[in-house]
Amino acid sequence: MEALRKAYGSVRGFRLLHWGPILTLCLIAFISYSTVVNVVIDGKGRVPGPIELGWYFFSVAMLTLSYLKASFGGPGHAPVGWAPACQADREKLQFCKRCKGFKPPRAHHCSVCNKCSLKMDHHCPWINNCVGHHNHKDFFLFLSYVLVACTHSCILLGPYTLRGAWHVFPRMHRYPAHLVLRLYQMLMAMVLAMSLVVSIGCLWAQQAQSIVENATGIEQWILRKATARDREKPFVYPYDLGMLRNLKMVLGPFHLWSCPMRTPAKAEASDGIHYPLRKGCGPYDLTEEQLQQKKLKKDRSYHVTVKRDFNTTCFNSPNILPYMCWTYGCGATFACPDCEEGRLSVAVGERILVTRVRKHWLYARRQHSEGDARWNERGWVPRGAVNDPLQAEEDDAKQPPPTKEKKAAAAAAAAAAAGGDNKKQRSRNGNHSKVE
């Protein structure tokens, strides 16, 4: 299935051949089926009226439509070999070696999609696509309708399920098997719906903040680094147009906010390459800041030597937890980085370039010539697999300060060594005088 997905990734129907869409659609179907069959058809729980029932079906239909539009529509991608018309503007943009072209403002290369996505926010495995310029609204509406539909399912299933569990589970042998299984189904559907409300609610809050600020998740990270960096003038984010205009940039006119249809107002229209700007800002302010940050990142990069083999195939082993704890430490085992960025297999004696540092992991890349097929291999490596000089410095910093007795002993040893050197020097001078 994974081979088919990679081979036919450009075919829209094959986008669903991934664990993310399959699991998402199965969860939606299971919760919706359990709610409709048990509450509406069988009359268990609180039976909703026609208006409430119509609203539930509407929210399920809208979340499904928004999901399919977000997954199949995609964020939009930069044309292959794209370059600005003005030669001077090219010096202010990043060049993508994989796409053989310049990255438009706010575009970033996705290593999973292997394309430069316009106004990229992140790559979402649940829709098996990037969230960006064209599908940001669809993705946000999908999250919104999931919250509405799952909350409604909990309200419909909750009273009967909890009351049935209280009375049936202590005396299950007295009830028919099909009734107990139906109760288990309703309980599982309610627990899944509540879990989705909590998890999706956190993601919805992040996306709402991103829309209000008109800044993607990547741009928020760039902005935090730009604010923390020493500079003569404070950095001004060029795409913050005010809350109302920022909302219209993504959601369109107010009367279409709840509809998965992207029709922004004419003044805020954007083609994914050119965007409305804040007064006094230029179109390449953010890209120039990103280039400066990448230069600083390159200056802070350093080489390390691998002291212990690390093979990514070990994650397929059922004994991965004890193996990782024993070999690389429990910190690296339970603080794994984002799985979408991948891991890098390394061998003893190999030298790699570290570009990002975490407490238990290092993000590194191999050093090969550009013509080599492996020249751009990169990923996360456990910190315990390499001789990391920064780790040694951190360990030294954690050592407790020397006590007064240790300081006095060190001073006495230094004085004794200095006295011995003075005696040797005087004896040498005396021998020289005798020879003369």
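Glycine is no exception: its Cβ is also placed from the backbone N, Cα and C atoms.
What TrEMBL says about a protein is an automatic prediction, not a curated fact.
What TrEMBL annotates here:
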- 20-41: transmembrane segment (TRANSMEM)
- 53-72: transmembrane segment (TRANSMEM)
- 91-221: domain 'Palmitoyltransferase DHHC' (DOMAIN)
- 139-162: transmembrane segment (TRANSMEM)
- 183-206: transmembrane segment (TRANSMEM)
- 380-436: region 'Disordered' (REGION)
- 409-418: compositional bias 'Low complexity' (COMPBIAS)
- 425-436: compositional bias 'Basic residues' (COMPBIAS)
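Remote same-chain residues near the transmembrane segment (20-41) are listed as 47-48, 53, 56, 60, 63-64, 67, 71, 124-128, 146, 149-150, 152-153, 156-157, 160, 182, 185-186, 188-189, 192-193, 196 (criterion: CB distance under 8 Å, separation of at least six residues from the stretch ends). Panel annotation: around the transmembrane segment (139-162), residues 28, 31-32, 34-35, 38-39, 44-46, 48, 55-56, 59-60, 62-63, 66-67, 70, 124, 127, 131, 183, 186-187, 189-190, 193-194, 196-197, 200-201, 203-204, 207-208, 211, 250-251, 258, 260 of the same chain, lying at least six beyond its termini, place a Cβ under 8 Å from a Cβ of the stretch.
Beyond the ends of the transmembrane segment (53-72), by six or more residues, the same chain brings 12, 15-16, 21, 24-25, 28, 32, 35, 40, 127-129, 131, 135, 138-139, 141-142, 145-146, 148-149, 152-153, 156, 258, 260 to within a C-beta distance below 8 angstroms of the stretch. A Cβ distance under 8 Å defines the sequence-distant neighbours of the transmembrane segment (183-206), meaning residues of its chain 6+ beyond its ends; these are 27, 30-31, 34-35, 38, 44-45, 140, 143-144, 146-147, 150-151, 153-154, 157-158, 160-161, 164-165, 168-169, 217.
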